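Input: a single structure, listed below in structure tokens.
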Amino acid sequence: MEKIIIDENQFLRTISRISHEIIEKHQRLDNIVIVGIKRRGAEIAELIKKKIADLANVELPSIDLDITFYRDDLEYAEPDSKSPTYSGASSFISIHNKEVILVDDVLYTGRTIRAALDALVDFGRAAKIELVIFVDRGHRELPIRADYVGKNVPTSRSEEVQVRTLKFDNCYEVALLSPTK
């Protein structure tokens, strides 16, 4: 069973709110790099980057980060699935002494964020890393928390949260999928 929990209007308002929060929290924006975790986290990061540009008239540098080989669950991949390929980052931007805004779509166990933090080390030593999560669904296995949250959605472990974006799904919405009985 599927339930839409964030429609397109709510989705875009959430992007706007998170962007405002980032601007309000940072006195200077010229030391910020936005890093989006591929795939949907990168698209959400791009939306936030564009909104900040509209609001503050500043173009922030950004990176689309592939964390494939930093994950700790590759051995659990389906035996019939293709071998993972690493596409790296969209560009190399040093994050040394920069404030990094790390963006992902869903925060669940925390393992994706741990992998992203490991991957970021290859880009330098950040002055600070803050986390933007579009949907926090709970069930953490690691001590990870977001600095900016679009929406908290309590779920059961059997449910799935899907953040849908224009680039990958031809729409902006968030769906909660429950197993059929």
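Glycine is treated like the rest: Cβ placed from N, Cα and C.
Worth saying up front: this structure is predicted, and the values here are computed from it rather than measured.
In the three-state DSSP classification, Asp104 (substrate binding site) falls within a strand. Counting every protein chain shown, the number of other Cβ atoms lying within 10 Å of the Cβ of Asp104 (substrate binding site) is 27. Look at Swiss-Prot and you will find Arg39, Arg40, Asp104, Asp105, Val106, Leu107, Tyr108, Thr109, Gly110, Arg111, Thr112, Arg137, Val161 tagged as substrate binding site, backed by similarity to another entry.
The annotation motif 'PRPP-binding' is assigned in Swiss-Prot to 100-112. Long-range Cβ contacts of the motif 'PRPP-binding' (100-112) within its own chain (Cβ-Cβ under 8 Å, at least 6 residues beyond either end) map to 22, 32-37, 40-42, 44-45, 48, 67, 71-73, 120, 126, 128-144, 146, 149, 161, 163, 165.
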For Gly110 (substrate binding site), the number of other Cβ atoms found within 10 Å of its own Cβ: 15
Cβ packing number for Val106 (substrate binding site), 10 Å threshold: 20
Helix, strand or coil at Val161 (substrate binding site) [DSSP, three-state]: strand
DSSP-derived class (H/G/I helix, E/B strand, else coil) of Gly110 (substrate binding site): coil
Max pairwise CA distance, angstrom, over record-listed substrate binders Arg39, Arg40, Asp104, Asp105, Val106, Leu107, Tyr108, Thr109, Gly110, Arg111, Thr112, Arg137, Val161: 18
